[in-house]
C-alpha cells in the first residue's frame, strides 16, 4: 500500500500514541530519580554544620582510615634534598549526620557530593618542602547511605628527604612521607592504616629510580608545644638509582682517562711526546669535570664515591706529569753534566731490573770499540823492529835458530851515479840516502819483517805491510851495482766490514798525509821496484847466533820521518777521541737505561694503584648490596 494512500491516516494515530507513551514513562523515571537525589540532598544538608566533628557524643573519636597510592615518582633532588611524587590520598570516615534509608529515596544507596560541603579531616603532609601541606585540588566525595564517606583526592607532594650520596651513582635512598592531623589530637581523631604498603598498581615506572619497598607504619608522638598525643602514619620509601646512565657517561670515561695516564709511562722517552700526552690527559679531565659538575650531587655533608675517584684521577694525572719531567731529566743526562753515583748504578742497573724481569739490550758499539782498539795498537806498535847495536837482531829462544836472512836489492838497470837512490814500491815513501842509512844503522844488519810481539790482536783479520827501501851503507856496497835494503811497516785491518771500512779510512788518512801518489798496491801485486834481491850470506855461525840471542840488549827504533810521525800522532788523537766518545756514549746509555727502569717502576705502580682505585670504587656498593 502506497504511503499517503487511503489507509495511511488509519495507522498514524496508533504509532504516535505508542511513541508518546514511551517518552512519558522515560521522563517520569528520570524525573523520579532526580527528584529522589534532590530530596535526599535537601534532607541531608538541611541544618548540616560542616565545622563540627561528625560524632554523636563529644567524647567520641573519629576514626579515619588512611591509605596512599603512588602514581609516579617524579624527581629526587639531591641538591635540595627533596622527593617529588604524584600520589592519591585515600581517606575514609563515618559521618552519622549523613545517613538515610535507601527505601525512602527509591533505593539510592550512594551519591557524589562536593567535598567542600562536608566535614573533612585536616590531614596534611608534615615533611612538606613546597608549602602546600594540604590537598589543593578538592574533588567530590563518595557518600554512602550508612554515613561512610570516601574521599581520594590526587596530590603532588614535594617531601623533604635526607639524601645520602656516599655511593653515588650506586646509591639507595630512604625517603619518608609523614601524614597526620594538624589540629586534632588522638582523643579527637585517630588514624587507622588502610594498607600496610603503598599501593603501586597504577605506578608509572621512572627512568632513573626504582621503588624497592614502600611500607606504612602508624606512630604516635608527643610534641614539645602541646601536651596531647598526635597520631601519624609514616610511609617509608626505599628507592634505588638506576646506574646505567652514570656508568656510561661518568665512570667509564674516568677509567679510560686513568688508563691513558698509565700509558704515559709506557711511552719511550726518545719520542718526546710524554709531556704532551700528560698535559692532554689533564686538560681532558678538566673539561670532563666541568661537564659533570651538574651531574654529581653538590652537597658538603658527604663526599660522593665518584667525587673521590675523580679527585684520585686528578692527583694521578698530576703525579704522572711530575714523574715524567723527572724521568726526562734523567734520560737526557750525560757525563759532562752529571756523575752517576755508585748506588744508582747498583740499584737501577743491577738490582731493580732483575726484580722487574728486565733484560738490558746488548752493547751497540762493539764494532766501534774494536776499531778503537785496533787503531790504538796501530799507533802504539813499533813500525821497525828493535835491533841490538853491533849484533844481529835477537829473537826469543823458542824461535828458529836460523833467522831469516835480510834481503838486499841490487838495481839492474840503474847506472852507478853519485848519490843514487832506490825507489820504494809505488813511489809512496822516499828512499833514504846512503848517509842517512849509515847514520841510522851503521853496524846493524837489516832483519826480516816480523809480526808484532805476542798473539794477533782480537778483531784483526789480516795484516798488510808497507815496504820501505833504502840504500845500504857504503861499506856494504857490492861490485856491479848498488845494494838496497828493504824494511816493511805492518798495519792490521779489523774483521768486521764496518770496522774494516773505518780502519781502511784511518790507514788511508795515514798514507795520505805521508805520500803524494796513489794508494799502496795490494800485497799480492808485484813490486814495481826494479831491483833484484838476493840473500846475504850469513857470516855468523849457529853457535854465535844462539849466543847472541841469549844476550839482552836495549831495543832501538829506527827514526821515522816527520810526516809519518805526524800521521801517527793524528791516528793516536783520533783513537783517543773515539775512545772518549765511546765512554761518553756508554754513560749516556746507562742514564737512559736508568730512566727506562724508573719508567717501568712507575708503570707497574700506577697500574696497581689504578686497579685498586677501580676496585675501591665498586667494592663498597657491592658489599652494601647496592650493585
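Each residue's number is its place along the chain shown, starting with 1.
Each Cβ is built from the backbone N, Cα and C atoms, and glycine gets one as well.
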Annotated range (Swiss-Prot: transmembrane segment) out of 275-293, 332-350, 351-369: 275-293
Of 309-330, 375-396, 397-418, 419-440, the range Swiss-Prot labels transmembrane segment: 309-330
Sparsest Cβ surroundings (other CB atoms within 10 Å) among the disulfide-bonded residues 161, 175, 225, 226: 225
Rounded distance in angstrom between the Cα atoms of residue 161 (disulfide bond) and residue 225 (disulfide bond): 24
Spatial separation of residue 175 (disulfide bond) from residue 226 (disulfide bond) - C-alpha basis, Å: 27
